[in-house]
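A.B. asks: Just passing along the structure, written as structure tokens.
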Amino acid sequence: MFSRWNWVACGFYLVLNVCSPDASGGLVQSCGHIIPESPVLALGSNFTALCILNESCLDFGNIYANQIIWKIKNRLVPKEQYREINRTVSSVTFNDTSSLATPLTCNILADGQIEQNIYGITVTVGLAPEKPKNLSCIVHQMSRFTYVMTCTWNPGRHTFLDTKFRLRYSWPEEVFPDCIPKDVNNSCTITDIQFFVNTEIWVEAANALGKAESDPLVVDPIDIVKPLSPQNVSVSSGILPTVLKLSWENWISDAVMTLKFNIRYRIIDDTNWMEVPSEDTASPRTSFSVQGLRPYTEYVFSIRCMKEDGVGYWSDWSEGKTGITTEDQPSKGPPMWRIIDASHSPALWTVHLMWKALKPFEANGVILQYEVTVRDKSSLSSPLKKYNVTSTNHTLQLPKGTYEVTLIARNSVGASPPSVLLIPESNSKAPVKNLRTLPKHDKLWVGWTAPNSYVLKYVIEWCLVSSSSDCIIEWQIALGDVQGIDLKGIKPFKCYLITVYPLYADGQGSGQSVKAYLKQDRPSKGPTVQTKKVGKAEAVLTWNHLTVEEQNGFIRNYTILYKTIDGNETVVTVDPSKTEYTLSSLTSDTLYTVRMMASTDNGSRTGPDFTFTTQKFGRGEIEAIVVPVCLAFLLIVLLGVLFCFNKRDLIKKHIWPIVPDPSKSNIAQWSPQVPAKHNFNSKDHMYPEGSFTDVSVVEIEADDKKSFSEQDLKPFDLLKKEKSTSEGHSSGIGGSSCMSSPRQSVSDSDEGETTQNTSSTVQYSTVVLNGYRDQTPVQVFSRSESTQPLLDSEERSEDHAGGADSTAQRQQYFRQNGGQDETNTDRPCFERTNQITHADEGDLVGFVQLQISGQSSQPLGLGMEKNTQEAALSNVLQTRTEGQTVRPETVEENPLSVDEIPKSYLPQTVRQGGYMPQ
Amino acid sequence: MAAADSPSTALRRRDLCSRGIRLAGKMRADVVDLLDAYVEQQGLDASASVAAVEGVPLAAVEHWDEQTGTQRLLENLAAYRAFRALLAQMLEEQREQLGEADAGLGRALAAVLLQVSAFAYHLEELLRLESRGIPGEEGDGQPPLPRLSLFEQKLRGLGVLRELAQWAVRSVRDLRQLTKPSLATSAAPALAESP
């Protein structure tokens with residue numbers, strides 16, 4: 001399809017060109033054209049274009065005006081805007097040229113479908129130039145003879161067209177060449193300037209749509225001159241120390257114009273300019289003397305000029321030129337203060353005099369030296385002391401007193417007025433009141449209320465408080481009529497100690513101090529808290545104060561924050577003076593985390609966390625539990641022991657009753673030597689040493705550790721006596737059981753009868769007195785079949801049996817048995833034993849047992865040799881350590897009795913541990 | 001002289017006089033500077049004697065103080081018109097001789113020429129304010145300046161500039177004289193001064 005139409009179009013185009021009658025030279029002439037050709041249109045205006053077809057094309061190509069279509073940049077113009085004027089002319093109308101674009105083409109639809117371009121034009125749309133406004137000119141002096149005039153104007157709106165601006169100027173009879181701006185459209189510079197002639201200046205703007213001229217500016221260029229600033233400015237000092245002379249050259253001659261000037265100056269370190277009054281420099285000149293300057297001060301001068309009548313422009317300021325005024329004598333004495341050190345000796349002061357170097361405008365030159373004069377006011381006769389000092393301090397050793405110190409500063413011109421400082425012996429005058437501070441930007445204002453008395457001046461001391469170094473004092477003097485000054489050079493976040501002294505004509509007031517900060521911040525670190533003591537429900541926290549460098553402000557309070565691991569944080573506020581605090585109501589045996597925060601007016605800082613664990617028990621709780629428990633235990637044990645002691649028989653009966661074994665009863669063997677012994681013994685010795693060996697059955701408690709102690713042997717003595725009584729009635733043999741009661745045997749048998757019976761019939765018997773476990777003891781008499789005669793002792797005892805004599809004899813016996821050591825007999829114990837004997841026969845039985853045991857171990861009172869006894873004792877102990885229960889045989893084995901009584905009737909076999917049957 | 005000036009006319013004349021005085025002053029200063037440059041550039045002796053330039057009225061006149069204001073203006077106008085023509089010819093000769101080699105001298109000559117033209121304009125304006133007719137330019141009717149040798153051209157140039165400097169001084173005095181109210185309307189001399 002496309003190819004077909006393409007072929008048709010090409011063919012038609014070819015026909016058009018071939019049929020063109022004007023075609024010549026290979027050029028192609030179109031079949032029409034548009035009127036107007038490439039128009040420039042005003043934006044917003046209406047526009048009509050005509051497309052005119054050549055007559056030659058009409059007939060040949062059947063092309064008519066009704067086939068024309070208009071296009072703007074390939075966009076079809078609505079046919080409502082077309083109008084067919086005749087068969088060869090078609091017009092198109094645009095009511096607003098803003099809708100136009102380039103190109104505007106005239107086209108034709110051949111055969112109603114094939115579009116063919118006939119002609120096209122370029123349409124330029126823009127605006128006519130506006131009238132330039134605000135034309136102004138200025139003549140710049142470029143050099144001594146060169147002036148250029150630059151004029152500027154407002155070119156008006158953008159025209160979208162190429163608009164030419166030109167600056168024109170003329171005299172009434174002279175027209176000058178136009179000034180064409182380069183690269184700009186709002187200014188132009190004219191280099192050929194003639195003064196003193198009114199020149200008419202105007203701007204002309206022109207483009208394709210029109211031309212516009214500004215209002216003319218008529219001006220004599222001399223009235224719009226901006227001259228060059230004066231050159232070669234020099235400053236020279238004059239005779240007076242307050243005057244400097246400025247000289248300069250003018251770039252412009254008086255023939256052109258006369259000038260007036262402005263002179264400004266400043267101290268070289270200052271930024272503020274001062275100006276010489278303009279009326280002083282309103283006339284042409286090339287020099288000027290500036291007065292009222294400070295001596296010995298470097299100034300910077302600058303100057304500018306303009307036409308004398310003030311019409312025109314000021315020149316730029318000239319470059320600064322410096323000059324120094326000459327010296328003058330110092331205008332005032334240096335401010336002076338002192339520090340008195342009386343630490344070495346109260347009576348001798350070390351006075352540190354110090355003064356401030358004069359400010360340059362006070363020194364008026366180079367201070368060469370200071371003269372210090374000290375006068376002792378307390379002694380009129382004392383001479384003045386003078387010191388020449390080059391530094392700003394001087395130290396004197398002075399006795400305590402009142403002094404007047406005078407200070408003079410000297411420079412090359414002269415001396416300053418004196419500064420006088422009165423140093424009184426004591427600061428007894430009234431101090432200032434209500435000392436206070438207030439930060440003011442970078443200064444710290446110190447204010448006070450004056451005392452009631454007239455004050456000459458005040459001395460304000462201040463120093464930076466430091467924990468690591470001494471307070472380096474700075475000071476300043478204020479006049480007596482002020483009640484506050486600004487301290488400069490104060491650093492923020494630093495603590496300053498400020499002291500104010502009032503100075504009176506006749507003395508000095510004591511200083512009042514205050515601490516102050518220029519600016520506060522939060523502390524640079526928080527306090528480090530730790531525990532001093534931790535209890536069950538409380539903990540004592542301690543911390544150290546922050547150093548003054550760390551505080552950065554006044555510590556208003558400390559805040560303690562503590563919590564358990566999973567608990568809420570508790571906050572406690574503490575006075576800043578405290579360094580210890582006790583946390584109470586804590587939970588026992590709990591881990592706590594505590595931290596501490598120091599706060600100033602400007603914030604807080606928290607210190608590191610610290611953990612501690614409360615104790616499980618409070619103070620004394622353990623003691624309160626353990627001690628009573630121990631006491632109770634001991635009491636119970638004691639009671640138990642007592643109980644057991646009291647009930648030992650019962651216990652023994654129940655736990656380890658001694659069941660006598662008759663089969664193991666021993667019967668002492670009669671020894672054939674005994675009769676000889678008996679014979680040897682006198683009647684007085686009714687009971688010879690070996691008489692107790694009659695008791696041949698002995699049981700020794702293996703655990704009875706005290707079996708050898710004297711204490712235990714005392715009742716044994718008693719029993720000896722008892723036994724001596726009872727044994728006389730008993731067969732003297734054989735009670736193998738500790739339970740056997742000799743008394744029982746006594747009571748159970750009639751003495752007389754028993755004696756008689758035994759004398760006729762020798763019976764060896766073992767008597768068991770106590771029953772087993774509350775059973776009625778059964779008296780068992782084991783009858784011996786032996787027919788051997790009774791021992792002498794028994795016979796004798798039988799002889800003396802009965803009656804009160806037996807007692808006496810026993811006493812005697814004890815005395816005898818006590819031997820040389822009669823004191824061994826413990827009398828009280830004996831008496832007590834008697835009581836017990838009367839009170840409780842059961843106990844007595846026990847005693848008997850003990851007695852027997854003691855006898856077996858230590859035959860106390862038997863007059864044995866001590867060494868032998870000890871040997872025997874050691875034997876017994878040895879036996880015990882071997883864990884063997886000492887049997888009655890042990891007693892019989894006792895070498896004491898054997899050795900003591902070589903003619904013992906005890907059978908040797910028994911001594912050897914065995915029973916030798918008779 | 002106009003017997004009765006309107007305030008605007010008086011102001012205008014005062015302004016023109018003031019401006020003319022300053023212009024003449026500047027013109028003199030520029031001419032003096034130009035003379036130095038010209039003598040040096042042309043290789044002349046600054047003390048060389050030069051005959052009076054033809055066509056230029058002499059600045060020095062007898063009975064100067066007896067002249068009326070109009071006379072002063074007319075003589076000034078005639079002199080500056082003559083200077084304008086002479087300077088234009090000097091500028092042309094200068095360009096012919098030096099081309100663009102010494103543009104500075106040419107610019108200075110052109111500047112003085114402009115000032116002369118401007119001063120002539122001032123004079124014409126003042127004459128208009130005096131309600132006097134302005135005499136026509138005689139340049140067209142004047143015969144052309146004779147063709148001189150190069151040295152003669154230089155000497156003539158020197159003479160023109162010297163005379164112009166003299167006229168500048170006289171013009172200042174003439175205009176100051178015109179600004180004096182008592183003398184403005186009086187033809188009789190009041191002050192025994194001469195340029």
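Keep in mind that glycine also has a Cβ here, set from the backbone N, Cα and C atoms.
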A.B. asks: State the residue range annotated as region 'Disordered' by TrEMBL; the candidates are A:812-833, A:878-899.
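C.D. replies: Checking TrEMBL against the ranges A:812-833, A:878-899, the region 'Disordered' one is A:878-899.
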A.B. asks: Per DSSP, what is the residue count of the domain 'Fibronectin type-III' (A:131-228) in each of helix, strand and coil?
C.D. replies: 4 helix, 50 strand, 44 coil
A.B. asks: Against which stretches of its own chain does the transmembrane segment (A:625-645) lie, if we need a Cβ under 8 Å and a gap of at least six residues from its ends?
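C.D. replies: Residues 651 contact the transmembrane segment (A:625-645) from elsewhere in the chain.
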A.B. asks: How many helix, strand and coil residues does the domain 'Fibronectin type-III' (A:334-431) contain under DSSP?
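C.D. replies: Across the domain 'Fibronectin type-III' (A:334-431), DSSP assigns the residues as follows: 4 helix, 53 strand, 41 coil.
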